[in-house]
Amino acid sequence: MRKTFQPVVSYNQASFKGPSQRLLELCVVNMKRKLDANDVPSTEVEEEKNTKDADNTDFESLNLDPRLRQALIKEQFTKPTPVQSKAIPLALEGKDILARAKTGSGKTAAYVLPILQTILQKKAADPSLKATTGLILVPTRELAEQVQSVIIKFSAFCGKDVRSVNLTQKVSDAVQRTMLADYPDLIVSTPARVIANLGTSALSLENLTHLVIDEADLVLSYGYDEDINALAKAIPRGVQTFLMSATLTSEVDTLKGLFCRSPVILKLEDKEDEGAGISQFVVRCAEDEKFLLTYVIFKLQLIKGKVIIFVGDIDRCYRLKLFLEQFGIKSCVLNSELPINSRIHVVQEFNKGVYDIIIAADEQEVMGLRTSSKKSKEATDGDDEAKDKMGSSEDEDNEPEQSGKSARPEKRRKTSGKAKDYGISRGIDFQNVACVLNFDLPTTSKSYTHRIGRTGRAGKAGMALSFVVPADKFGKHKPTSFPTAKHDESVLAKIVKKQAKLGHEVKPYHFEMKQVDAFRYRMTDALRAVTRLAIQEARAREIRQELVKSEKLKRHFEENPEELKQLRHDGELRAARIQPHLKHIPDYLMPSKGRKGISSEDVGFVGFRKSGDNRIRKAREKNRGKGKGRKPSGVRKVDPLKTFNRGRK
């Protein structure tokens, strides 16, 4: 299928409000993006690669450097994924690539391996070569750290031939300038950090040969449109570009027009794509019953394995954490307020199995950061590609409740630097997640798809459980009410419709409420203790603790890695009122079927009851016979009643 790029100049520029429109204007002005190395306008050829069955390709047939193959063996990469088997050969041929594949399909290795291969070939021809030839752009710091770790693993046997720098690390500008002065081969960064270093001349892109924009559909949505605008002017012509995304949206199409030359478009659709292998359930419940059901699920161990709980904002994170703490249920909090080192460490420890429950605030989705991009899509909906997006067109009216509030989230987005580079529902590689619990239902079906994509990865089974508040139950319990729950039913209808198009079913799940109601009074006691003041104090206390762990102890832990194991993030934050009795479940509350599973019959002897007289008193009586408790000999015992002399007045 052939399409010739035709710049659109007939738009009314006054109507351009979203990042996609502003960048489309740049695409018209900055036509050098569409010229090849000989300054000749290139015709944009889109070759669609639809792959439903995995090839028999192996890493040996990809002709990679032996050092890279050795690293793959060490990391137990036995067979390339569909996106790797298609993208790597094309990348080694020097073609621009736009790949759509779900998160967890191996997109990172699909662009890291060919870039490393090219660097090693250049170093073999000229060992003294020092130049920054690769730039990898990601929307969040967490994803930057993840990509950097992949580069380190794959270049483990390359010695000093490959050097990479992560610009999102929290170091001083002087340290960052020193790292860049040595001309690292690869740079991983957010767009904002690249522009900042270009402005100070600490970074030079003159020798750049590879540009990667990972999670391309999120880069503009996270507020980097101005940075991308400036970056498009700074990148030289002829750079090989990789656009990797889980969805093909209008933002991706805009980036393609800015940076790509005749890209090959890969639409990978394997049999496990988009939620296959994930059992999806929905529970209709009142607002306070969300807490009740969460308590029952974890206290009765109804879900085995690691769980990610998605909530609407940071306050909900701490409200739920403090609530679960009172029942002895430990959990971690993950949000944009925490230092980046703490967030990365939480994810790493969760993947190692140190923690079982993470409560994550999906702030980017709730703050409405994608509303402007959705509006811009309506203006550029003429492109056929923008319509073929995993149901992205359905999301345009997914959020009616936010249309009147769009100005406030936009303002908050611009002033919130922490939230700008934080994202948890996309890109982060959570491993072996058994269940995703949507405590607060997302406001779009697109966000729902990304959330449940945290489980059921690499062909494993997973479960997604979502709480939905019916319209007639919204606002009935003010302390636990959340604004977005008002439209849960309309959002659920769109989610069900979209999942049905993908061939998946969202099934209703019914709890036996007669048995669950027995725990309601305990839930009520726990919720009373979680006051607004307790939440504010918990947030402040957590930030203080994590800042100490993140900054002052970072160097110490680098020198003493064994002590890092004691750095935990699931400690108690302490509610306003401690109620120890809530941590234990009386036998009369236990369901008859579940009583045996969590009973103490098979527990060894624990000496709670006295088995005899007081031990100290018994020892004292015994010692008296040995003389230890007797007074020295020669001292006569005196009876005070017989020797008492009142005396005369």
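Cβ coordinates come from backbone N, Cα and C, glycine included.
According to Swiss-Prot, the features are:
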- 375-392: compositional bias 'Basic and acidic residues' (COMPBIAS)
- 88-266: domain 'Helicase ATP-binding' (DOMAIN)
- 39-60: region 'Disordered' (REGION)
- 370-420: region 'Disordered' (REGION)
- 612-649: region 'Disordered' (REGION)
- 57-85: motif 'Q motif' (MOTIF)
- 214-217: motif 'DEAD box' (MOTIF)
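The average pLDDT computed for the motif 'DEAD box' (214-217) is 84. Sequence-distant contacts of the motif 'DEAD box' (214-217), counting only residues of its own chain at least 6 positions beyond either end whose CB sits under 8 Å from a CB of the stretch, comprise 107-108, 111, 136-139, 143, 147, 243-249, 251-252, 255, 426-427.
For the motif 'Q motif' (57-85), the DSSP-based tally of helix, strand and coil residues reads 17 helix, 0 strand, 12 coil. Using DSSP to sort the residues of the motif 'DEAD box' (214-217) gives these counts of helix, strand and coil: 2 helix, 1 strand, 1 coil.
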